[in-house]
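According to Swiss-Prot, the feature ATP binding site maps to G13, P14, S15, A16, S17, G18, K19, G20, T21, an assignment based on sequence analysis.
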Amino acid sequence: MDKQNVPVITLDGPSASGKGTIARLVSQALGFHYLDSGALYRLVALAAMKRNTDVSDEHSMVDIARHLNVSFRDSSIWLEGKDVSDEVRAEACGEYASRIAQYSALRVELLGYQRDFRKSPGLVTDGRDMGSVIFPDATLKIYLTASEEERALRRHKQLMEKGINASIADLIQALRARDERDSSRSTSPLQQCEDACLLDTTGLSIDQVVSRVLNMYAEARKA
């Protein structure tokens, strides 16, 4: 199958909107490949941290990305042959990832890498510019969001499960700062595409959201 004919579902949205969990489950339901684009920036950030490289050095971040040795195996993420699934989800790693994601040269470097994930029978991907920049011809584009309180509660639950204490108020402030940074960057800012379907997951269970996405995809395939 020609790559351009391979179906793609993109789920974009702010941090802690649930897009990663939903994208992974939808990909499993459809038997599609899965790309966690945010993990790529986290992996670059993690690699920089491990090498004690200054993340404010854009050239160094591009060089790290160019030689990045990563793989996604089921629900685990590997860097240089080591399972870094937990490390890459650490709050510090996420903060650094948000900073380096503003580097236009880095985004260009990772562009082709991400598009190479488009393989038969299909791809489900989540991020912040998947529908607007990486896969503008996607079969279905969804902008996933939720209230600040709901997103903070989800992040709090994730942290508590890892034994990390955090206050809801602090998490809301952190999410606001992250949203501002992601939405105001000059290159590929976080925004809803004109042709993306808005899906507010506030008050919905994971199963309900997955079901809605699958129904939306079925309708998109008919069009």
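Using the three backbone atoms N, Cα and C, a Cβ is placed for every residue, glycine included.
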Among the binding-site residues S17, T21, which residue has the largest number of other Cβ atoms within 10 Å of its own Cβ?
S17
When you measure from the Cβ of S15 (ATP binding site), which residues in the chain that are at least 6 apart have a Cβ under 8 Å away?
G94, S98, R151, R155, L175, R178, D179, D182
I want to verify one value. Collapsing DSSP to three states, which class is T21 (ATP binding site)?
helix
Using the CB centroid of G13, P14, S15, A16, S17, G18, K19, G20, T21 as the ATP site centre, which other residues of the same chain sit with their CB within 8 A?
I22, D126, L144, A146, R151, R154
